[in-house]
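*Asks:* Structure below; questions to follow.
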Amino acid sequence: MTVSDPVVESVVATISRSATEIRQGLIGRRGAVDEENPSGETQMEADVWADDMLRERLTAIDGVGQYASEERPEVEDCGGDPAAGDAYAVAVDPLDGSSNIKSNNAMGTIFGVYDDALPARGETLVAAGYVLYGPITTMVLATEETVSEYEMTGGERQLIERDVTLPADPVVYGFGGRVPDWPADFETYAREIEQELKLRYGGAMIADVNQVLTYGGVFAYPGLESRPEGKLRLQFEGNPIGYVVERAGGRSSDGTGSLLSVDPDALHDRTPVHVGNEGLIDRLEDALE
Ligand code: P6P
């Protein structure tokens, strides 16, 4: 099933084709390089390589006016002005959870297609999704029409489910950060959830979010005592995942309201991220009031 907007379809097809190569290219690129990303995190060889591949291919698409990634300090202008509405801006996290390469655990590629210049509000997204490098390489894609899941075979995507929605009865939870670093009101909420749901936390957000999308529940990387803004980046992680979960019938929150309503100040702004079933996010916001 293709996307009706031809530029969005080109972006999604390019990421689909690249995903097969990225997965195969992880082999031999498991080391760290002597560089940090704009968020001050050590880059893995695979981070840099996947970013270079996606940048080269996505900036070549007519209708893509900006490219930005978690691995690059600045937005790259590549033809057309997203602020004027004559091109889209594409933001990617080339390898979310790349620290999992060392332990050979799941990770993925996150993408957002914004109808505005970056940094942009999540409300300007027209499509967003992620590739999950699990036992099977899958893609979850949210557009204005629907949320779909695909299996990736030979660089192409095969539709396996359309109109993906969060199950009504939540089953799993996953919370990032260290318990001693959680604010007291989040810890109170977490203790309640721990009594009700099953722990599923693997250290790569999209793998943990995919558990929530599959079984229902809540994923959170909250604001911390040591870092009230949390760890995850709004443009590259919070907005795309918030868009997917909200399109799938759930909610997202920075602790006070939808992630998609957050006004960004800078490209690499961090934000607390909470996504999942509506009732669980409502309870979270009540707890953090
Ligand atoms: P921690 C991966 O580095 C990431 O950005 C997210 O994918 C993940 O949710 C989080 O960081 C994990 O952070 O502190 O649990 O290692």
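Backbone N, Cα and C atoms are what each Cβ position is placed from, and that goes for glycine too.
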*Asks:* Need one residue: from E70, E71, E74, the one TrEMBL lists with D93, L95 for Mg(2+) 1.
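*Replies:* Among E70, E71, E74, only E70 appears alongside D93, L95 as Mg(2+) 1-binding in TrEMBL.
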*Asks:* Taking E229, E237, E246 as the options, which does TrEMBL list with D93, D96 at the Mg(2+) 2 site?
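*Replies:* Of the residues offered, the record points to E237.
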*Asks:* Work out, from DSSP, the number of helix, strand and coil residues along the domain 'Fructose-1-6-bisphosphatase class 1 C-terminal' (167-288).
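*Replies:* Counting residues per DSSP class in the domain 'Fructose-1-6-bisphosphatase class 1 C-terminal' (167-288), I get 55 helix, 20 strand, 47 coil.
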*Asks:* Near ligand 1, which of the binding-site residues D93, G97, S98, Y201 are found, taking a Cβ distance under 6 A to any of its atoms?
*Replies:* G97
*Asks:* Which one of these binding-site residues, E70, D93, Y201, K231, E237, has the sparsest Cβ neighbourhood, judged by other Cβ atoms within 10 angstroms?
*Replies:* Y201
*Asks:* How does the model score the domain 'Fructose-1-6-bisphosphatase class 1 C-terminal' (167-288) in terms of mean pLDDT?
*Replies:* 98
*Asks:* Other than E70, D93, L95, which residues of the chain come within 8 Å of the Mg(2+) 1 site, judged by Cβ distance to the Cβ centroid of those residues?
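*Replies:* Nearby residues not in the site list: D47, A50, D51, S69, E71, V92, P94, D96, S98, T109, I110, F236, E237.
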